[in-house]
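Residues or ranges marked as region 'Disordered' in TrEMBL: 1-71. Per TrEMBL, the feature compositional bias 'Low complexity' maps to 12-36, 51-66. Among the features that TrEMBL reports, compositional bias 'Basic residues' is placed at 37-50. According to TrEMBL, the transmembrane segment annotation covers 96-117, 138-156, 162-183, 204-223, 235-268, 275-292, 357-383, 395-426, 432-454.
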Amino acid sequence: MGRQSTAKPGARRPTSSAAAPAKAKPAKTAKPAKTAKTAKPKSAKPKRTKPATASARTASATATAGRTRRPFPGRGLLRAIGAEYSRVSAHPLTTYYIILISVVALTCLGLVMVLSASSITSYDGGEGSSFAYFNKQAGFAGVGFALLIAASFVPLTMWKRLAWWAMGLGVLMQAAVFVPGLGKATKGNANWIQIGGFQLQPSEFLKIALAVWLGCVLANKFGKMTTFSHAMIPVVPGIAAAVGLVVAGNDLGTALVLMAMALACLFIGAFPGKYFALLALGLGAVTAFFVFSSENRLNRLTTVITGHSDQSAIDVTGQAWQSNHGLFSLASGGWFGVGLGASREKWSWLPEAHNDFIFAIIGEELGLAGTLAVILVFAMLAFGLIRVMVRSTSLFVTITTAGLFAWLIGQAAINIGVVAGLLPVIGLPLPFVSYGGSSIIASLLAVGVLLSFARTEEGAAEAIRAHKDRVRSSFGVLAKKVRK
């Protein structure tokens, strides 16, 4: 009874309420234990790191791609072409053959186009045959190739010895155009020498002499042009003599080519910058003076801008007649031309169709495809000349090649620009393609000089000897078979 009296019915609530906090305390302290349980040891984490997962996914994706995607079908062909190009490019005679093949291709195309473009003019001009100009050009090309072969075997040291003699002879020949009875003016330019029935344009050969002479002088002066007199003499007097004599003959187009050649040689030859800028400004001032002092030259310059809207565009005596008909010829060719020999502009519509504007006839008869092919071959030639400059260890070779590059490639670019109406008409032929004896002979002679430079490339002499041995052995085997 005493227990019952002490244990009252309502006494359980306070006891349970007092015990509840006691039980809650372990629950609160259990939370850290729970956290400790969920927190995994640090050593287990690297098993599921992101780099490992990324690499596994990449490997899986690569394997899947390899199973589902096919390789590019032309990849093997492109790799083979790249490997073959690397092998051929490393050959010591690659430069030699690039130059030779491109020049032969341009000359052969030029003979075909001269035959096509000059057939009407040749027959109607009193020559008595449609093949007259073609026969002459073929003869000139034969002489040029003979000189090319001979020049290609000249040693490098010989060109250095001939540099001063060539420059002196070139200047004397150019001065001879002013000798009465010897010099002859053609179409307003006193730039020819008449010897019997043969005409010679000395300025074409002066280009070769200037390039070789500047190469020799600048190579010898390399690193020594620190003073004004040392830099200017004899470079500036030589350039002034060559350019001045040509300009005096009223041939500004050829003078511009000589200026470009001189600047190219000076730039590659490390001519001092302040003197180079001074000389370039001087040549520019001379050019501007002769352009603006001549009404004819000024009209040609303005024709580039106003030719299509000027009344002279439809007047046979107008300044824009030749330029516009060159554009008509290019436009009428379309993609693939009207056909070889089917030009309409060569029927006395386009002046100088077989000479300065032969590129327009190429565009008319062979179309855009033909003109792009010509540009591509010139680009191939330019690539060959750049290889000569880059791969040669001789400063003389590099400087001389830069001058010849400015002539052959620069003049081609100017001629194409004139025909396309981008530049004023200045009377420059397209190298290797246009009709002209002096032009093609001098151009092929210059290529002979370049080929002799290409022979000096490292390993070229050994490759040439090996090639000769193979040719001899082949002929020997053939002779034995013939005897049997």
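Backbone N, Cα and C define each Cβ position, glycine as well.
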Exercise. Please give the sequence-distant neighbours of the transmembrane segment (235-268): residues at least 6 beyond its ends with Cβ less than 8 Å from one of its Cβ atoms.
Key: 167, 170-171, 174-175, 177-178, 188-191, 203-204, 206-207, 209-211, 213-215, 217-218, 221, 276, 279-280, 283, 286-287, 290-291, 297, 389, 398-400, 402-407, 410-411, 414, 426-428
Quiz item: Do the transmembrane segment (432-454) and the transmembrane segment (275-292) come together with 3 or more C-beta pairs under 8 Å, pairs six or more apart in sequence?
Solution: no
Self-check item: Criterion met for the transmembrane segment (204-223) and the transmembrane segment (395-426) (at least three Cβ pairs under 8 Å)
Solution: yes
Self-check item: Stretch among 138-156, 357-383, 395-426 sharing the most Cβ pairs under 8 Å with the transmembrane segment (96-117)
Solution: 357-383
